[in-house]
Each structure stands twice: as C-alpha cells, then as structure tokens.
Amino acid sequence: MLGRLAAQRFREIRQAFCQIPQASRSFSTALNYHLDSPDNNPDLPWEFTDANKEKVKEIISHYPSNYKQSAVIPLLDLAQQQHGGWLPVSAMNAVAKIIEVAPIRVYEVATFYSMFNRTKVGKYHLLVCGTTPCMIRGSREIEDALLEHLGVKRNEVTKDGLFSVGEMECMGSCVNAPMITVADYSDGSEGYTYNYYEDVTPKRVVEIVEALRRGEKPPRGTQNPKRINSGPEGGNTTLLSEPKPPPCRDLDAC
C-alpha cells in the first residue's frame, strides 16, 4: 500500500517537473535532473569529430594512464564547444566511455559546475557577473539592458538562436567591475573564444551585442578608454620606475 502511494506521488512530482518551462532549468545551477527530449536523450548518437579526437588524445596524454578520469572537465569543455555551447546526455555518455567510468561520474561533474550548460544556449552566450563588487557597480542594470534589448528572460535563447544571457559568479576581475563575458560558439570548437568585457555600461553592452550580430569582434578587456588594462584612469600614480634591488643579495649580511 505504502509502495503504491509512494510511486503515485513520485509520478505526480515528475509530471510537475515536466511542466517547468525549459528556460527556468537551463543550466547546471538549475535542478540537477535530466528528462529525455527529442534533441537530448541517450539514444541519439554523439561522438567527437576527427579533429577533436586528436585533441582528446592530447588532453588524456597529460594524465597518468590509471588516472585518465581526471580529464573529465577538459573533455566535457571540448564536447560543449563542439556541440554549440551545451552538453546533451549522449555527449556526457561519450566522455564517460572514453575515460572508462560510469556515466553517473560524468553527470556529477556536469551538474556541479555552472560552466557546463545542459540545454541549448545562443551562439553568443553572454554571462553577467553577479558577485558583490559587480552588483555594487551596476551589474543588475547591465543584465536588464541585455534582456530588454534582446527580448528574452535570463537563460532564454533569442528566436534567431544567436544570443542567450545568464549569470556567473565571480569572474575574478573585480577592479574592472562591472563586467560580462562572451562565450563565442559561432565557429564551433575550432573558433571558440571566451572573452571578458570590463568596465561596461548598459549602453556599451548593447553596442557589443550589435557588433557581434554583425559578425564583428569587439575589442576585449576594459571598455573604459581612460584605462589601460586594470590600471587607474589617467595612468599610474605609483610604481613609476623599476624597483631598486637590495644592497646585497645576502640580506643577512647587509
């Protein structure tokens, strides 16, 4: 009796999950489960291209033969690049077969790290840094400008398939906050790039989007013309010369 009630409840929960819009469970930070769909199920064939098979061999060569499972992250990254920015379950199974582990070991990695996308993203996947320094400097306004301009919600893909917008924590360039990164899957794994755009404004991120739409490659890094890399506006005010060496190399003898 209890078994039947539990099974019925499980079916009700699964049916409820099936009704969740795809966009709300787009990335690894969403609920960590998989539901088969026509374009994402284990029966679909998937394998690395011939060129990427050579890259697979090169990646695995970095690890001892009895620790080839340590290559799981770079192999998943390569598979994601090849597959247009996201990982179907059949690609995860292919990686599991290569490194000779149970598929669940690969699923655990793909669902843990937010860099792995388990549903479709745009050819240009825009990620807005949402950590505290960027938030203080206006990252929410940056995200709002992108979503409004593209006419999508977070984690949705534009109708033309070109763009999607997500959030990322933390990009590690807080001195240049706020910032976004653009994962460019438009040319597959051969032309894949992952570029930071720092010191952005709502107006500038829209300009970057339109440049990408035209097939251009906007200059990466700081978007503030008054700065060079992470330096202050107007140039350095300290460390203007080569540091003086100690009077002698044996500091104890000085």
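A Cβ is built for glycine as well, from the same backbone N, Cα and C atoms used for every other residue.
Feature annotations, reproduced from TrEMBL:
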BINDING   C129, C134, C170, C174  [2Fe-2S] cluster binding site
REGION    213-254  region 'Disordered'
For [2Fe-2S] cluster, what surrounds C129, C134, C170, C174 with a Cβ no more than 8 Å from their Cβ centroid?
G130, T131, T132, P133, M135, S139, E169, M171, G172, S173, A177, P178, M179
Let's see if you can do this one: DSSP helix, strand and coil counts over the region 'Disordered' (213-254), in that order.
4 helix, 2 strand, 36 coil
For C129 ([2Fe-2S] cluster binding site), just count the other CB atoms lying within 10 A of its CB, please.
29
Same-chain residues six or more away whose CB lies under 8 A from the CB of C174 ([2Fe-2S] cluster binding site)?
T131, P133, C134
Report the same-chain neighbours of C170 ([2Fe-2S] cluster binding site): residues 6+ apart in sequence with Cβ closer than 8 Å to its Cβ, ordered by sequence.
C129, T131, C134
So if I draw a 10 Å sphere around the Cβ of C134 ([2Fe-2S] cluster binding site), how many other Cβ atoms end up inside it?
26
